[in-house]
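Visitor: As listed in Swiss-Prot for this protein:
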BINDING   352, 390, 391, 392, 429, 455  L-phenylalanine binding site
């Protein structure tokens, strides 16, 4: 039930005046009538009526009218007569006249005379033969509907078309065809009607009291503010929904991850998306017959199909590691390593190749991370995409060990807001290796969210690195699915404005 007194107190003074205008009236009112009775301007009436309509107290009905008026030429025709009328008047007492002489007597120029002759014949008032014009009858033709309409418009200035009788509407059609005589424009009409709810407010009693729009220093100093009337605030009023520009949620998480690693003292690095198999696979001690290299798992680039290998010393060291284990003490993979296979161009399948490049170019101690897109020939499903983002990182130094790695990962996941645990795992290029699992309290379950380990000697020695190196990797889309409670990974790349607008602007992200 409405609190009528509270609502009335919250109304603007102009809204009250619009309602007061309906006292003693059950009919809709024009804005002009309200403005005149309440001594306010039309603009204020319309503004207040719009506010009242939004709350259901009045209805603003809109209608459009077409209004016809005379142009400057039309006024001339109304005063002096249409060209055909002036021609027929000039023919009075004459059996016939040559066209130029008739035009001169009628006071018409060549163009006006041509128009007049056409209408003279169309109305059946005259005829033309061998350049001579004559009247059909000795009697002066009666004024037509078009002439009566011109006279009416000259007298009244403008007329609503819907108010014209049918005869004059037909004449208006003819005058519209004679360009430049009449002007037709649309005007909007508004009427305002009081609703049942508005009538309840009016019957409750509305008092018009001037409101204070601001409290000045003088009001405060003199105490006059205590006697001023203030309009109440409507804290229940509906507010407009605002859809500001927002950063995409995936970009927000990437920025959050970047921020965490930068605060932990890491350096950011990037690498090419089109990579050689050498950096993507061989450098990481992945054999050339490994299943991950198959066409069904990796995108091979057609152009350029091959890339240059790095310096010969590095290539030879990687070859030795694969074939015999080199100087690492390992037996390697015991096969004949092929340079042509290593030169093949691929879309990188992980960002670990960035770590390999970084280690080959920089001396430990170091801490590096990289965020970028990776590509795998995955069938698109609710949890797999052929293109996604990955964050990769390494820590290298004499004192770096597996326990340091676990500590860094624990701190990283803590900053993301997750409890983490570690389970033993296997990866081709790390040993010891672990999988990171985070706990989801709402599901009371653990979910795998990344892998990590210590780079094997077969990876490090060819790169010339003599210190231990800890490495880790994480799929960012999977993290986004958990963070935003998404069941289908494809949602991250669909233009679902409803979902995007519903996400919080800030809050759980450390930006």
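Keep in mind that glycine also has a Cβ here, set from the backbone N, Cα and C atoms.
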Visitor: What is the maximum Cα to Cα distance, in Å and rounded to a whole number, among the residues 352, 390, 391, 392, 429, 455 annotated as binding L-phenylalanine?
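Guide: It comes out at 18 Å between the most distant Cα atoms.
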Visitor: Among 429, 455, all listed as binding-site residues, which has the most CB atoms within 10 Å of its CB?
Guide: 455
Visitor: Can you check what DSSP calls residue 429 (L-phenylalanine binding site), collapsed to helix, strand or coil?
Guide: coil
Visitor: If one looks at the chain holding residue 390 (L-phenylalanine binding site), which residues at least 6 apart in sequence have a CB under 8 angstroms from its CB?
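Guide: Listed in sequence order, they are 350, 351, 371, 372, 373, 374, 473, 474, 475, 476.
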